[in-house]
Amino acid sequence: MARVTLTQFLIEQQRSDQPIASNLRLLIEVVARAVKTISVHVGKGNIAGLLGNAGTDNVQGEAQKKLDVIANELLLQANEWGGHLAAMASEELEGPSLIPNRYPKGEYLLVFDPLDGSSNIDVNISVGTIFSVLRCPEGTRDVDDTAFLQPGRQQVAAGYAVYGPSTMLVLTVGAGTHGFTLDREFGAWVLTHPDIRIPESTKEFAINASRARFWEPPVQRYIGELQQGVEGPREQDFNMRWVASMVADVHRILARGGIFLYPLDDKNRRNGGHLRLMYEANPMAFIVEQAGGAASTGRQAILDVQPSGLHQRVPVVLGSRNEVERVVAYHAEADSK
Ligand code: F6P
């Protein structure tokens, strides 16, 4: 059977009844090419001396890994010259990265987490890259943070790569969620998971349970009920998984269903949550919604949150629709008391 590559898939999207602009296609292809290079570096690990800390901290005060720095540079360099972007923003940079004056500027903004789950790098567990594409507001002359502060609903594309046993790229341009596997011999992205659908119900949940004592009552209630299994109100057993790489946990949910929670708790409340809205929660929420799942803060659809800062954090509950709706209902019930 003929293999559909990412290029063919995107060209067919351009010809579809929900066509994408040619510069958006270029942007996605450039990101996908950079991701291939990141995948090679991740795969070499300590053969190339790439494990461990870079000796610097990022804007959030977290120690940067060598691969965080390399992945960030690769994405910035790959995307600065093509003429498709007005600016970029990254987890690793305090403010926007502007397009150098020697290159033409385009109509899109690219936001990314170059290497998500980087605490897993040194132990050879899956990590990933997450990205989100927004339109630069019309009439913007000098791009600053405010150009990026658009609700996730306005994303025109989002995707992630997971560097696991195989490297995959999962993508949405607002017409479903589609997965591509990197054929390492040919260097091609092959469409292997067209139109991914997240099962509405699930028996699997993902949460960092070591934080249980800090959770709010609705989360305590929800997880408590799952843990009671067949003897509890849900009358069935649930299984728990936690990779601690958001990409890997979300990827599992896209593949076989499940719910992922990084909720607001007493420890992360003053930061507004743990995960970053612009380059973690929003792209994942877009991907999950396009696959028929749901994504909420517990109190509001993630895609409707009006961002107030590039590195803003939010609570995240996403995955199988029925479970996410139950968690939202538990929050509403608790808040109405
Ligand atoms: O900061 C992002 C991240 O590494 C996610 O990829 C992951 O889901 C989460 O943080 C892990 O958090 P914790 O260290 O609490 O398990």
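Using N, Cα and C of the backbone, Cβ positions are placed for all residues, glycine too.
TrEMBL does not curate its annotations; it predicts them automatically.
Residues or ranges marked as Mg(2+) 1 binding site in TrEMBL: E91, D113, L115. Secondary structure at D113 (Mg(2+) 1 binding site), as computed by DSSP, is strand.
If you look up TrEMBL, you'll see D113, D116, E280 marked as Mg(2+) 2 binding site. Around D116 (Mg(2+) 2 binding site), taking its Cβ as the centre, 28 other Cβ atoms fall within 10 Å, counting all chains.
Summarising the annotation, TrEMBL assigns substrate binding site to D116, G117, S118, S119, N208. Residue density at S118 (substrate binding site): 23 other Cβ atoms are found within 10 A of its Cβ, drawing on all protein chains shown. Under the DSSP three-state reduction, S118 (substrate binding site) is assigned to helix.
Residues annotated as domain 'Fructose-1-6-bisphosphatase class I N-terminal' in TrEMBL: 5-194.
Taken from TrEMBL, the feature domain 'Fructose-1-6-bisphosphatase class 1 C-terminal' applies to 198-331.
For the pair E91 (Mg(2+) 1 binding site) and N208 (substrate binding site), the Cα-Cα distance reads 22 Å. In sequence order, I38, V42, K65, L67, D68, A71, N72, I121, V127, G128, T129 are the residues near L115 (Mg(2+) 1 binding site), counting only same-chain partners six or more apart with C-beta under 8 A. Look at the domain 'Fructose-1-6-bisphosphatase class 1 C-terminal' (198-331): DSSP puts its residues at 63 helix, 23 strand, 48 coil. Confidence in the domain 'Fructose-1-6-bisphosphatase class I N-terminal' (5-194), given as mean pLDDT, stands at 94. Checking the binding-site residues (S119, N208, E280) against D113 (Mg(2+) 1 binding site) with a 10 Å Cα-Cα cut-off leaves E280.
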